[in-house]
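Engineer: Quick paste from TrEMBL:
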type	residues	note
BINDING	Gly86, Ala88, Val89, Asn93, Ser328, Asn360, Leu425, Asp428, Ser429	Na(+) binding site
COMPBIAS	1-13	compositional bias 'Basic and acidic residues'
COMPBIAS	27-40	compositional bias 'Low complexity'
COMPBIAS	44-55	compositional bias 'Polar residues'
DISULFID	Cys195-Cys204	disulfide bond
REGION	1-55	region 'Disordered'
TRANSMEM	78-97	transmembrane segment
TRANSMEM	109-131	transmembrane segment
TRANSMEM	243-260	transmembrane segment
TRANSMEM	272-297	transmembrane segment
TRANSMEM	317-339	transmembrane segment
TRANSMEM	359-379	transmembrane segment
TRANSMEM	399-423	transmembrane segment
TRANSMEM	455-479	transmembrane segment
TRANSMEM	485-509	transmembrane segment
TRANSMEM	530-549	transmembrane segment
TRANSMEM	569-590	transmembrane segment
Amino acid sequence: MGDSPGPERRNGECEPPGAADMPPTPSASAPSSATATAHEPTSERTQQPIQLTQPQKTRSIIVSLTPVRERETWAKKVEFLLAVVGFAVDLGNVWRFPYICYQNGGGAFLIPYCLMLVFGGLPLFYMELALGQYHRCGCLTLWKRICPALKGVGYAICMIDIYMGMYYNTIIGWAVYYLIASLASVSSVLPWTSCDNEWNTPLCTPITSPQIFLNASTPAKEFFERSVLEQHKSNGLDDMGPIKPSLALCVFGVFVLVYFSLWKGVRSAGKVVWVTALAPYVVLLILLARGVTLPGATEGIRYYLTPEWHKLQNSKVWIDAASQIFFSLGPGFGTLLALSSYNKFNNNCYRDALITSSINCLTSFLAGFVIFSVLGYMAHVQNKSIEDVGLEGPGLVFIVYPEAIATMTGSVFWAIIFFLMLITLGLDSTFGGLEAVTTALCDEYPRVLGRHREIFVAVLLLFIYICALPTTTYGGVYLVDLLNVYGPGLAILFLVFAEAAGVCWLYGVDRFSEDVKSMLGHTPGLFWRVCWTYISPVFLLVLFVFSVLSHEEMLGGEYTYPRWSIAVGWLMTGTTVSCVPIYFIYKLLITPGTCYNRLKTIKRPVERSVPGGDVSAL
């Protein structure tokens, strides 16, 4: 936090300079009157003696007035850009985009993808950066300035980020487990190279050997399922089994790294992102240079890019493009609001939105070359088609890619840098989401939480880690999938629609445009105003409806989820979404006046924020 001149503050209060030297007020009846000093916090920067005249004496009370606390800002502009890029570029860019791209028409998929970026994702991305920078607060306090009745959106976003922390850090923990196994194999071979390990089954067959069993499995697949997860010791969600200590320890290590990234706010996060945001690009380029030299790589890249124009007639392709661009850019998780709230008031957030969203999409495209050059190589080695090799999601980065690495010269080196890349990709995304919760609650409760940020972050992460422990059991992988779909997967779409509606329809696009003009010096163009008013809300609503209709396909896989688990999943989604109407009703009930006046009051901003002002001053 910015330091103010004068003596040290204590609990938000300070003794005014020279107060002890001020002479007592003269009095005819009491030449040596007593002087009492009272310290009361306020938002003024001056002090004023107040005269209280009594029949026999005059007492002079000096009121100490605390200077306004300045909000912390990024040390360098590039640190903010790296933090935004690091949050937006996550594991989904590596394990989801390439698969979605080739499944939906290859090069032809880039057409709906770019259209959804321009008309849906980018306007929402720009809107959140501008909101956070103008109001300089998190996703809770923000609604006091926009529409108090929708503050439930902020609470729901905090719940979603906590759900995310409960399973996303576990996936990073899997990568840590692989990294440790790779480091332990420096003087030998990778443990998923052969079928001679204690966890292997009689059906295990090396990928370079002919398949003698119809349901044969590979060493990499068995290492992931039977050594890392040990899911064979579980009967699914009905009997998940005990916690696996080694996996729980890996996940704990992830939480420790996240804590030391968050505990000092942007001062610590700004240093960490130099590593977590840049390292993946170094590794991606190294892996690309290696991948394109492998036999079969050209065929894999051709398969990735060859356009299938007829697939554009399928509505699913357009829904997949919208879903991918939305979850890739990440509006609605409160992170963009939190990160941009630490910007200087006149920072060019418009240019930042264009730069960071473009980098994110180009990274996804680059990852496709990295992945498909290796998938082409795997198809060549196994004498299969690429369709039979490729997998989506964790299976791609924890089974298929490690399989390919195991057949390369210097496999241990390639494994180490690949899993380092996965860890860094995941870390800046997870601490971006948790920074949203931290900023929101510290801004909302500055005296209780804001002044004890280090302790609050530690308690919050400890709570999330305890909640995440069930995902480290033998059946934890099923819980990870369930949390992924019903935690943020469905609810976030509705919440971002509510956020966009609150900003664009209730607060008003014209008013919001004036806010942007006060920061940038010019009003957003007609294109942005039309997108904010009409296109983006419709984009979100349609995406939400189609996602609800196809939620069962999102679980997929060989495992059939019990009915009670689906009910629990909908309960998670319902408790998150219900924050919006529950808070609306609560606000309506506590507001005095007639029903009409109540509705008019709760949708009107409580106060107009001072441009460039600090939330702690309001």
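Placement of Cβ uses the backbone N, Cα and C atoms for every residue, glycine included.
All annotation found in TrEMBL is predicted automatically rather than curated by experts.
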Engineer: Taking the transmembrane segment (359-379) as reference, which of 272-297, 317-339, 399-423, 455-479, 530-549 has the most Cβ pairs under 8 angstroms?
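Structural biologist: Per the Cβ under 8 Å count, 272-297.
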Engineer: For the transmembrane segment (317-339), I need the partner stretch with the highest count of C-beta pairs below 8 angstroms, choosing only from 455-479, 485-509, 569-590.
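Structural biologist: Looking at each of 455-479, 485-509, 569-590 in turn, the most contacts to the transmembrane segment (317-339) are made by 485-509.
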Engineer: Which number gives the other C-beta atoms within 10 angstroms of the C-beta of Cys204 (disulfide bond), all protein chains shown included?
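Structural biologist: The answer is 21 other Cβ atoms.
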Engineer: Quickly jot the same-chain residues contacting the transmembrane segment (272-297) by Cβ under 8 Å, restricted to those at least six beyond its ends, or write none.
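Structural biologist: Same-chain contacts beyond the flanks: 79, 82-83, 85-86, 89, 260-261, 363, 366-367, 369-370, 373-374, 376-381, 408, 414, 417-418, 420-421, 424-425, 427-428, 431.
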Engineer: Can you work out whether the transmembrane segment (569-590) touches the transmembrane segment (485-509), with the criterion being 3+ CB pairs under 8 Å where the paired residues are 6 or more apart along the chain?
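Structural biologist: Stretch pair touches.
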Engineer: If one looks at the chain holding Ser328 (Na(+) binding site), which residues at least 6 apart in sequence have a CB under 8 angstroms from its CB?
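Structural biologist: Sequence-distant Cβ neighbours: Ala88, Asp90, Gly92, Asn93, Phe97, Gly121, Asn360, Cys361, Ser364.
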Engineer: Can you grab the distance from Val89 (Na(+) binding site) over to Cys195 (disulfide bond)? Cα atoms, rounded to a whole Å.
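Structural biologist: One finds 35 Å between the Cα atoms of these residues.
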Engineer: Residues with Cβ closer than 8 Å to the Cβ of Leu425 (Na(+) binding site), same chain and 6+ apart in sequence?
Structural biologist: Val89, Asp90, Leu91, Asn93, Val94, Thr276, Pro280
Engineer: Do me a favour and check the Cα-Cα span between Cys204 (disulfide bond) and Ser429 (Na(+) binding site); whole Å is fine.
Structural biologist: 35
Engineer: So for Cys195 (disulfide bond), how many other CB atoms are inside 10 Å of its CB?
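Structural biologist: Around the Cβ of Cys195 (disulfide bond), 18 other Cβ atoms lie within 10 Å.
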Engineer: Residues sitting near the transmembrane segment (399-423): Cβ under 8 Å, six or more positions beyond its termini, same chain?
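Structural biologist: For the transmembrane segment (399-423), the nonlocal Cβ contacts are 91, 94, 172, 175-176, 178-179, 182-183, 185-186, 189-190, 192-193, 207-208, 218-221, 223-224, 279-280, 283-284, 286-287, 290, 294, 371, 374-375, 377-378, 381, 389-391.
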Engineer: Cα of Ser429 (Na(+) binding site) to Cα of Cys195 (disulfide bond): how many Å, rounded?
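Structural biologist: Ser429 (Na(+) binding site) to Cys195 (disulfide bond), Cα-Cα distance: 35 Å.
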Engineer: Residues sitting near the transmembrane segment (455-479): Cβ under 8 Å, six or more positions beyond its termini, same chain?
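Structural biologist: Answer is 162, 165-167, 169-170, 173, 229-237, 239-244, 247-248, 251-252, 255, 258-259, 262-263, 434, 437-438, 441-442, 449, 559, 561.
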Engineer: In terms of Cβ proximity under 8 Å, which residues at least six beyond the ends of the transmembrane segment (485-509) contact it?
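Structural biologist: That would be 124, 127, 131, 143, 146-147, 150, 153, 156-157, 160, 163-164, 166-167, 326, 331-333, 529, 532-533, 536-537, 540-541, 543-544, 547-548, 551, 554-555, 568-570, 572-573, 576-577, 580, 603, 605.
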Engineer: Within its own chain, what residues at least 6 apart in sequence put their Cβ under 8 Å from the Cβ of Gly86 (Na(+) binding site), listed in sequence order?
Structural biologist: Val273, Thr276, Ala277, Asp428, Ser429, Gly432
